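Engineer: Have a look at this one before I ask anything.
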Amino acid sequence: MKPGGFWLHLTLLGASLPAALGWMDPGTSRGPDVGVGESQAEEPRSFEVTRREGLSSHNELLASCGKKFCSRGSRCVLSRKTGEPECQCLEACRPSYVPVCGSDGRFYENHCKLHRAACLLGKRITVIHSKDCFLKGDTCTMAGYARLKNVLLALQTRLQPLQEGDSRQDPASQKRLLVESLFRDLDADGNGHLSSSELAQHVLKKQDLDEDLLGCSPGDLLRFDDYNSDSSLTLREFYMAFQVVQLSLAPEDRVSVTTVTVGLSTVLTCAVHGDLRPPIIWKRNGLTLNFLDLEDINDFGEDDSLYITKVTTIHMGNYTCHASGHEQLFQTHVLQVNVPPVIRVYPESQAQEPGVAASLRCHAEGIPMPRITWLKNGVDVSTQMSKQLSLLANGSELHISSVRYEDTGAYTCIAKNEVGVDEDISSLFIEDSARKTLANILWREEGLSVGNMFYVFSDDGIIVIHPVDCEIQRHLKPTEKIFMSYEEICPQREKNATQPCQWVSAVNVRNRYIYVAQPALSRVLVVDIQAQKVLQSIGVDPLPAKLSYDKSHDQVWVLSWGDVHKSRPSLQVITEASTGQSQHLIRTPFAGVDDFFIPPTNLIINHIRFGFIFNKSDPAVHKVDLETMMPLKTIGLHHHGCVPQAMAHTHLGGYFFIQCRQDSPASAARQLLVDSVTDSVLGPNGDVTGTPHTSPDGRFIVSAAADSPWLHVQEITVRGEIQTLYDLQINSGISDLAFQRSFTESNQYNIYAALHTEPDLLFLELSTGKVGMLKNLKEPPAGPAQPWGGTHRIMRDSGLFGQYLLTPARESLFLINGRQNTLRCEVSGIKGGTTVVWVGEV
């Protein structure tokens, strides 16, 4: 080496030695745990600013920082304001993975990042030789991450307040401007991407924080919201992280009406649009559907549409959709369900003598309401109208005032609406008495002798009453024998002692058999309607108190109390009930049953899958599978403090109405609403109280109680909405009520209600609210109630086409003519007739 070159190298070494010593002061000297790569990463960056400022600045920095000692994670720089040397936290560390645990409980990728974090936070963080933070993983939770983002926006608002013009914008636009401002501040190199190093530079100092961030830092933005996993955040991803979206919904799309035919599938698509739109949330009656495991709403598709696999009338109603986190902008979908007509005619066949009046009736149900037309032997009868022939109740009844031989024929009722048509035939034969055929004689004398009757279970056995003639057609005395066992119907406990029969509940099984409970004898009798005999007795658990027929599965459910204190209740099921003889008695697994409810069928809904059980003092209803007799789920009512007492159901909109037990004698028995689609409690049914009763077509809900002077009438619209028609105040509470089809207007109903303390009957026309009273009835049954419950004064109707109703008095029965709204007759000498069944055509 040349002598000059030697002295030059020596001079440079001497100039750089103080700077080198400045980085190795005792307070900052590196121990053996510091990687070589880290020191190399920190030192070159110490001169990053001075390189840009030229050689003179470089020499000045070397001279000034030579005596300035900076701790790890920082470097010496000249202050632009004062020109004096100062320590500044490192902007970044060279990427390397030598993980360590900090004394703050956090995990760091290397020592440099630990020291840099200590510098930025202004607190001491040392290396802990423990594996706890490795096992614990990242401590930043979703809750902490949400709090972090709120803090970032709050600090940004403090650092860069919105301008006057911006502050007048809506909150969503203000938030968008704030997030854009934060993004620009974080994007140090201005390339439109936030890297981990840029996010790491934005460390929140302790003095800026009003709340704990639960182990989160700005670097966690990459962990949670780097959707394309490219280790950087674009403005679009930054928008999504802070839920900044610009959503739109056209005014004409705010309410969308979708009409679908029952049994088909349908798709509801949300019209809320916008860049970066979050996932769509669907709700029904305020309950989120997306996360429920529903049988018929189970696929939301790639475009977040709502897919209903098989639409039924319970699905009708309102559905709303909105982008997650933006509930203020929502679309309402009104789902209307159309149902093709279903009709019944009455009678299917009749024979009349010339000169008498004849009526042919047709009942049709469907959505929209079907239109009815009549054909006689294929010809439209509307072209043959005369004084003799007329159409009543919007065409639902064809009336011939005086029949002639030429009126003989097949009369076809046709019901039609927008989605279908149905028809059935009612035949009319005109023959004088001398020309009666054997078939007509049998139809008149045999068929009518067992069908279209009230079967009354009284103190003196079983009494069959024909309402047209007001006569007792058949009387099965208590001493008559049971066909299969030869026991007496009502055995006497002591000789020469007359003891009344005791009945509590009876059901009609397909107009073939009547099942009736005898609580004191712990058995159920099976009455053969055609043979007019008691066929057999079925022994059940002690004190059977309630029977219910599940037509869909041909089962009779029997609730027994065990004793009068209901201390050992049980629920049994008699299968194959319509066979009359080959039944099986099955014990269900349910314990502590206080009551149960099986929804009724109707023309549109002919299959019921589920029933409901109430347990004593339990604020819940338990849903059971009627086929397997196994529990499915529990619908809790404890949030509403409701112990269920009674239930009703309408298939229109799928509502269950639950009557709660009274909290005190002075309080009213309020009601709750349950949605059968989601099995969720919707809340109180307004101010409605009392026991709910649903009309046969599911359109009207009438609520009343024996201890309340109020009667509430509600209607379900074709859109599945519950509307209160009116509330009536009456002088006495309602003991029981029955629905009667209107004879003046098709698809309308009236009710007849037995007053609790007065002998009168209340008549109400549901469509108009017109009220009347039927007087001159005798006092209702008196005395203490039976130990197994039940009302003293019942009301029983006579089926879909019947015009008669029955209610008991103390020692007689009263028959009401619903067509004429008058008292038909009184049948005397019948005591204890509070268990009654109507039997239609046999």
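Just so you know, glycine gets a Cβ as well, placed from its N, Cα and C.
Fair warning: this is a prediction, and the values are worked out from it, not measured in the lab.
Below, the features straight out of Swiss-Prot:
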{"type": "SIGNAL", "residues": "1-22", "note": "signal peptide"}
{"type": "DOMAIN", "residues": "81-135", "note": "domain 'Kazal-like'"}
{"type": "DISULFID", "residues": "Cys87-Cys119", "note": "disulfide bond"}
{"type": "DISULFID", "residues": "Cys93-Cys112", "note": "disulfide bond"}
{"type": "DISULFID", "residues": "Cys101-Cys133", "note": "disulfide bond"}
{"type": "DOMAIN", "residues": "174-209", "note": "domain 'EF-hand'"}
{"type": "BINDING", "residues": "Asp187, Asp189, Asn191, His193, Glu198", "note": "Ca(2+) binding site"}
{"type": "DOMAIN", "residues": "251-338", "note": "domain 'Ig-like 1'"}
{"type": "DISULFID", "residues": "Cys270-Cys321", "note": "disulfide bond"}
{"type": "CARBOHYD", "residues": "Asn318", "note": "N-linked glycosylation site"}
{"type": "DOMAIN", "residues": "341-426", "note": "domain 'Ig-like 2'"}
{"type": "DISULFID", "residues": "Cys362-Cys413", "note": "disulfide bond"}
Engineer: Anything within 10 Å of Cys119 (disulfide bond)? Look among the recorded positions Asp187, His193, Glu198, Cys270, comparing CA atoms, and list what you find.
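Structural biologist: Matched recorded positions: none.
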Engineer: Consider the recorded positions Cys87, Asn318, Cys321, Cys413 and say which one has the Cα lying nearest the Cα of Asp187 (Ca(2+) binding site).
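Structural biologist: Going through Cys87, Asn318, Cys321, Cys413 one by one, the Cα closest to that of Asp187 (Ca(2+) binding site) is Cys87.
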Engineer: Closest of the binding-site residues to Cys112 (disulfide bond), Cα to Cα, picking from Asp189, Asn191, His193, Glu198?
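Structural biologist: Considering only the listed binding-site residues, the nearest one is Glu198.
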Engineer: What average pLDDT does the predicted model assign to the domain 'EF-hand' (174-209)?
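Structural biologist: 81, rounded to a whole number.
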Engineer: Quick one: what's DSSP say for Asn191 (Ca(2+) binding site), helix, strand or coil?
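Structural biologist: Looking at the DSSP assignment, Asn191 (Ca(2+) binding site) belongs to neither helix nor strand, so coil.
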Engineer: Nearest to Cys93 (disulfide bond) in three-dimensional space, by Cα, is which of the recorded positions Cys101, Asn191, His193, Glu198, Cys270?
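Structural biologist: Checking each of Cys101, Asn191, His193, Glu198, Cys270 against Cys93 (disulfide bond), the shortest Cα distance is to Glu198.
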Engineer: For the binding-site residues listed here (Asp187, Asp189, Glu198), which one has the lowest count of neighbouring CB atoms within 10 Å of its own CB?
Structural biologist: Asp189
Engineer: Write down the Cα-Cα distance for His193 (Ca(2+) binding site) and Cys321 (disulfide bond), rounded and given in Å.
Structural biologist: 33
Engineer: Using C-alpha atoms only, work out the spacing between Cys362 (disulfide bond) and His193 (Ca(2+) binding site) and round it to an integer in Å.
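Structural biologist: Per the Cα atoms, Cys362 (disulfide bond) and His193 (Ca(2+) binding site) stand 74 Å apart.
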Engineer: Given the Ca(2+) site residues Asp187, Asp189, Asn191, His193, Glu198, which other residues of that chain have a Cβ within 8 Å of the mean position of their Cβ atoms, reported in sequence order?
Structural biologist: Leu186, Ala188, Gly190, Gly192, Leu194, Ser195, Ser232
Engineer: Could you check what DSSP calls Cys112 (disulfide bond) once collapsed to helix, strand or coil?
Structural biologist: helix
Engineer: Quick one: give me the count of other CB atoms within 10 A of the CB of His193 (Ca(2+) binding site).
Structural biologist: 16
Engineer: Count, for each of the disulfide-bonded residues Cys87, Cys112, Cys119, Cys321, Cys362, the other C-beta atoms lying within 10 angstroms of its own C-beta, and report the residue with the smallest count.
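Structural biologist: Across Cys87, Cys112, Cys119, Cys321, Cys362, these disulfide-bonded residues, the one with fewest Cβ atoms within 10 Å is Cys87.
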Engineer: Can you tell which of Cys101, Cys270 has the most other C-beta atoms within 10 Å, given these are the disulfide-bonded residues?
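Structural biologist: Per the Cβ count, the most surrounded site is Cys270.
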